[in-house]
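Asks: Sharing a structure with you now.
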Amino acid sequence: MIKAAIFASGTGSNFDSIVRAAEQGEISCDVRLLVCDRSNARVIEKAKKKNIDTFVFSPKEFGGKDAYEQQILLECRKRGIEWIFLAGYMRLIGPVLLAPYQNRIINIHPSLLPAFPGKDAIGQAFEKQVKVTGVTIHYIDNGMDTGPIIEQEAVRITAEDTRESLQKKIQAIEHSLYPKVIQTLLVEEEIH
Ligand code: GAR
């Protein structure tokens with residue numbers, strides 16, 4: 001079974017959807033570790049409930065990105081982590097993790113990239129009054145939401161939508177799309 005880590009900074013609804021899919025055998029991986037950069041993030045409780053190890057760190061307590069990523073790498077290596085799924089982890093990944101996990105770190109982003117990268121993509125799309133937005137899953141590179149796109153799904157913004165209703169629609173897509181894409185990548189890897 002492939003061993004995976006999830007990196008998250010927030011509520012953890014995507015964390016939950018991946019862990020649930022793994023428990024139900026819909027994706028063939030074992031989520032061994034949560035990496036989180038905010039000690040008050042709700043995702044930490046979710047990991048504890050599932051008995052998944054957590055590495056919670058405060059970036060300020062390290063000399064810089066290289067230093068905390070060295071520690072993350074150590075935590076991943078200890079557990080034999082092969083894939084990393086970013087699920088609302090709001091930090092760029094640096095060379096310390098990118099080099100050993102080339103093409104093995106993927107991210108979910110709540111817009112149709114390259115539109116609306118960065119923070120609050122749902123709010124950005126809503127403010128711009130675009131008619132279509134969506135969800136993107138992509139490989140991580142050294143840019144902000146710039147890596148090669150793996151999959152996208154669109155959602156229409158209607159006249160009745162509020163920011164909250166749009167967020168609900170996007171999250172519903174995220175929760176079904178992310179596990180599906182993960183499983184496709186893992187199966188492809190087994191075949192090759
Ligand atoms: C998700 O909507 C995810 O797409 C977004 O953060 C949210 C985390 O929600 N990620 C980004 O914006 C990355 N640039 P969750 O904690 O409920 O899974």
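Positions of Cβ are set from backbone N, Cα and C atoms, glycine also.
Caution: TrEMBL annotation is automatic and unverified by curators.
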Asks: Which of K65, K78, K128, K131 shares the (6R)-10-formyltetrahydrofolate site with M90, R91, L92, I93, N107 per TrEMBL?
Replies: K65
Asks: Work through the recorded positions one by one (K65, R91, H109) and point out the residue whose CB has the fewest other CB atoms within 10 angstroms.
Replies: R91
Asks: In DSSP terms, helix, strand or coil for K65 ((6R)-10-formyltetrahydrofolate binding site)?
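Replies: SS state of K65 ((6R)-10-formyltetrahydrofolate binding site) = helix.
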Asks: Given the binding-site residues G12, S13, R91, I93, return the subset with CB under 6 A from an atom of ligand 1, ordered by sequence, or none if empty.
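Replies: The ones that qualify, in sequence order, are G12, S13.
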Asks: Report the nearest neighbour of N14 (N(1)-(5-phospho-beta-D-ribosyl)glycinamide binding site) in space among the recorded positions K65, R91, I93, H109, comparing Cα positions.
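Replies: Out of the listed candidates, the nearest Cα belongs to H109.
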Asks: Which chain-mates of M90 ((6R)-10-formyltetrahydrofolate binding site) that are at least 6 residues away have a CB under 8 A from its CB, listed by sequence?
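Replies: M90 ((6R)-10-formyltetrahydrofolate binding site) has long-range Cβ partners S9, G10, D37, K119.
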